[in-house]
Structures are given as structure tokens and as C-alpha cells.
């Protein structure tokens, strides 16, 4: 009996002993292995950034805007020869580009943007609201002479995008050549694969024909084309009466674009201007992607009328105007804080901030901790996404197509959020970590 008992105890203990042996045989990951893993991941990211993303973006995004344009107009078959434009599209594009350039050359007030790390201070024309109002009124007035102007623009939209594509790609090539062989600043850029240089751009603030290239492409062409086109689509779709859902779609966007031109000088402090270089990503994006894709919900509603009732459309428009107002208020708070050097009141209280040493400019900066900026680090992005959803909502019932811009914007702004924080972390180091502890949420309080 005693012998059997001892054998039974041995059997019961055996698995425990085996588990202990297995556990003790596992080797902990060394610092060297962690370092090698990090280096491998960094190499993969570098290869993707330098050699994979640029050609993929060029091959996919360049033609997709015209494919989508044909998708929105069922009566027009897709034909590749239309990517070259036609006589009408080249006339419209040429007149508009020259018109936008002219307003940047008119003598008047100027605005100095933030200095770069290599000491360059960009100078911009400060007449955005005047340009916007003049262009908008002129376009509406042209209908007295050309009653079918908006309808012609709508039917020729695939051709117009073809002309813009050619202009944008040519401009990006010129900027690449200028940046590589005739740079306008003292900035030293390390060499990179040629497709990456074309995609990313070479210079932050290049000037061409006496104007800042990014102010011309981003503000005066891209944003103004957005406004003109959505109005053209509303008129084109309203030959038998204005659709209330389509009207709500255009009203919200118009308010958003008006806000942009009113706040144009504030835009010169954003990542588009201070970080992104003038290349395919920004310049092609504003010359082609903005007119072709940002306007897509309005464009789609011409052939696919909104089913919203007048009451529902009114509610959507009202809510959209409120959301855009909040979005503007958030941007305004930061601009007010900058222009007053922190001597302002937000939400009825003196603005709070923290000092942060900028390791790039070697100067001490201040980070805002009050108002909306004390609630979240990028709430302006959150309200911009909500606004986009509201102006896309009148297309409800037609699948994903009217909501393409909304989904694209989520990806764009979340990615931009991380890019911005990466830039700030490099600038402020541990000060940025302290700031993130004080303002722990990015875009959605208590969630993200």
C-alpha cells in the first residue's frame, strides 16, 4: 500500500516538474534582440515610405478621380482619350488659373508666415476674403450671359479633371527640377529616390511667377474650385427645381469654405504649409483631388437626387452650420492665443498655457491648455469630420458613393493627427509628453 501511494504521488508531481522545466527553459528577450527588431521594423517603414507609397499613390490616385466622375454621370461612357481634356475644359481651366494668379499679384496687404528651421519667412497675399467674394459673385453673374454655364461644367467635368491632371503633373515636374537644380533657399535636403522627391516635393515654400506656389494651388485654386463646382452642380441639378437635400449639402460646404477664406492667414500655420513640401502630395492634391473628390457628394447628387424631405434637409443644414461654427471657434482660439501672445480670455477665463522649449528653433514656445484645446489636442479634426458627414448625409440611400469623402477624411485626419504629434514630439521632447499628460485625449474625450 505504501509503495502504491508513493508511485501515485510521483505521477501527480510529474506534470508540475515538467511545467517547471519548460518554464525555466524559456529565455527572456534581450535588449539586443529588441534593438534588432526595432531596426528591422524601421527598415520596412523606410522602404515602404521611399519606394512603395509614391508609385502606388501615383498609379492609383491620378486616374481614379476621372473614373469616379464617369461613375457619377451614368449617361457618359468612360473613354481613356478624355483624360486629355477637350477644348472647353482647357478654356475653363486656363481662365480660372490665370484669374487665381492675378489676385495674388495685385498689390496689397501681405502676411508673414512662421519662419522655417533654416530662417526663411514666407510672405503671402492677404486678400483671401476679397478674392473669394469677387470670384463667387462673378461666377453667378456670368449666368446672365451664359445661362447654361453650370450645366456645361457638369457635363464636361471628366474633361476638366483631365486638364487639371495635366497641369498639376507638369507643375510638380517643374517644382522637382527647381528644387533639385535651382533651389530658392539655403535648406540642405538629403538625396532620395526620384519618385519620392516628385511625390513629396523638394521645397517647403517655393515661389513661381512671383507668388507662393502653395497659396496659389491650395487656397486660390483648390478651395475656390471646390466652391464654384458645388454651386455649379446645384444649379445643374436644379433645372426643374432645387432639391432641398442638395441645397443643404451645398449650404454647409459653402459656409465651411467661406470660413476658410475668412481664416486664410490661420491656414498658413497648419501642417499643409509648415511641414508638407510642394510636390505631388500637396499640389496635385489641391489642383485635382480637391476639385474632383472633395466635391463628389454634390456632383453625385445631380444624377441621384436626395430623398430628404424639406424638414429633414433644414435640420441637417442647421446642424451642419452649427458644427462648422464650432470648428471655426476651435481654430480661432489658437489663432487668438498666438496673436495676443497668450494675453486673452477663453471660455470667460484667462488662457492657461505651459512653456515648452523648441529644440528645432532653440526658442521657448507656449502650448495652449484652455478652451477646446484643453479638452482635446485635435478637436478641430473631430468637428471637421462631423461636418463632412452632415453634408454627405443628403446622399443617404445611394450606398457608399456620396459618403466617399467622409470616409477618406477620417483616414486623412487621423493620420494627420499622428503626423502632427510626431512633429511636436520632435520639437518639444519631454515638454510634449508633459503636455499630453495635461491634455490626454486627441480627438474624442475619454475615448481617443
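Cβ coordinates come from backbone N, Cα and C, glycine included.
Keep in mind that TrEMBL annotations are predicted by a computer and have not been checked by a curator.
Segment annotation: TrEMBL labels transmembrane segment over residues 88-108 (candidates 88-108, 193-213, 214-234). Checking TrEMBL for transmembrane segment across the ranges 278-300, 347-369, 370-392 points to 278-300. TrEMBL lists transmembrane segment for one of the ranges 244-262, 396-414, namely 396-414. Counting same-chain residues at least six beyond the ends of the transmembrane segment (312-330), those with a Cβ under 8 angstroms from any Cβ of the stretch are 244-245, 247-248, 251-252, 255-256, 259, 263, 306, 371-373, 379-380, 383-384, 386-387, 390-391, 393-394. Ranked by the number of CB pairs under 8 Å to the transmembrane segment (158-179), the listed stretches 52-73, 129-146, 278-300, 396-414 are led by 278-300. When each of 52-73, 88-108, 129-146, 278-300 is checked for Cβ pairs under 8 Å to the transmembrane segment (396-414), 278-300 comes out on top. Recorded stretches compared: 52-73, 129-146, 278-300; the one with the most Cβ pairs under 8 Å to the transmembrane segment (88-108) is 129-146.
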